[in-house]
Amino acid sequence: MVHMPQIAPHNADLALLQKQAEQACAASVDEAVLSYGLIDLQVNGFAGVDFNRAPITAEQLDLALAQLALTGVTSVLPTLITGADEHLEQTLVALEQAVNQSKLGPHMVLGYHIEGPFLSPQDGFSGAHNANHMGPARIALYERLQMAANGKIKLVTVAPEVTGVLTLIPQLVAQNICVSLGHTAANGKQVSDAASAGAMLCTHLGNGLPQQMHKTENPLFWQLAEDRLFAMFIADGIHVTKSALQTMLRAKGVERSILSTDAVSAAGAEMPTGLYTLGEAEVERDAGGTVRIPGSKYLAGSSTTMDQMVRNVMDWYGYSFANVLTMTRTNPLKVLGKQPENLSSKTEQNFVEWQRHSTGLAVKRAYVGPYKIERELS
């Protein structure tokens, strides 16, 4: 069982914290640095808590969010994957109630990410998503889900080749929802048309694809080549190999790359191996950290935390801490930036103190709104 970290009020000088955080981009991080908190646009669950399964209590949400903060993530989009309409609606209602009743939710949850259900049902492209719940795009479903979420759906992942999606995209954009492409078998024209319609992001690029495709004419290359699209990458060395990730990061550049965990409830959990849930499905984490649906070849989210992904890209490719902040804060805010409310004003109350440790940069404490979350490094 994962234990609740101490969540205590703090009286730190916010102006001083903000000044230090603004200077973080120039820091060499030889010993310690304070930065703004990181933003994760795709978190399905954490610390044994499944965001895709109701009921979700305020206490469970606080546990997951506190543990997330201790990995550097202080702003998050809880993510719901493809499921039955009623399941998605009921889960959003439960999440929103938990957010409003929790300590950390109002300060950390920026909104919600709906990954599906208008994705490719083809084997390989659908991945761990249940193709039985996929079909032609319906704006009425998103309107229904948006009501359940009290208007807080901020990101939707779709496949542009699915019937009705290219018409749906501008409707979502008009509601200040960021549209991302994922689990898609789209051709080059469909990717371009989606970007022209207002899509501006790719979800866990390099995944949601079959093992065998045409060597050049494929959705991965078309999305990499589309300069209007930012891309989210899972830097765990499992979802894509280190060399493949390096190539994709070079293609998009730091200015259009975003690190996201795609974490499931197995991430941040004390049990190193075993069975967990992902909505209506059961998933299994093995000793190497890989998460799959039992008996399936398809990955089902990640168990790697954001602080580890930060260490990975710095160690593997020599990225600076400034580069990391661009990919984990600046760029996520950019893709959410078409919304009327000033999301950055909320995230500017959240800070993370990093310290050089034997394994690299590690989080010593986090400041989330009026609270401080802290642990001792061994």
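The first residue you see is number 1, and the count goes up from there.
In case you wondered, yes, glycine gets a Cβ from its N, Cα and C as well.
The Zn(2+) site recorded in TrEMBL includes E115, H183, and the single candidate from H87, H133, H204 that the record places there is H204.
Between the alpha carbons (Cα) of D262 (active site, proton donor/acceptor) and E115 (Zn(2+) binding site) lies a span of roughly 11 Å. The Zn(2+) site is defined by E115, H183, H204, and by the 8 Å test on Cβ atoms against their centroid, the other residues of the chain that qualify are Q42, I81, G116, L119, G127, H129, T157, S180, G182, T203, N207, G208, D262.
Highest local Cβ density among the binding-site residues H183, H204 belongs to H183, counted as other Cβ atoms within 10 Å over all protein chains shown.
Among the recorded positions E115, D262, the residue whose Cβ has the fewest other Cβ atoms within 10 Å is E115.
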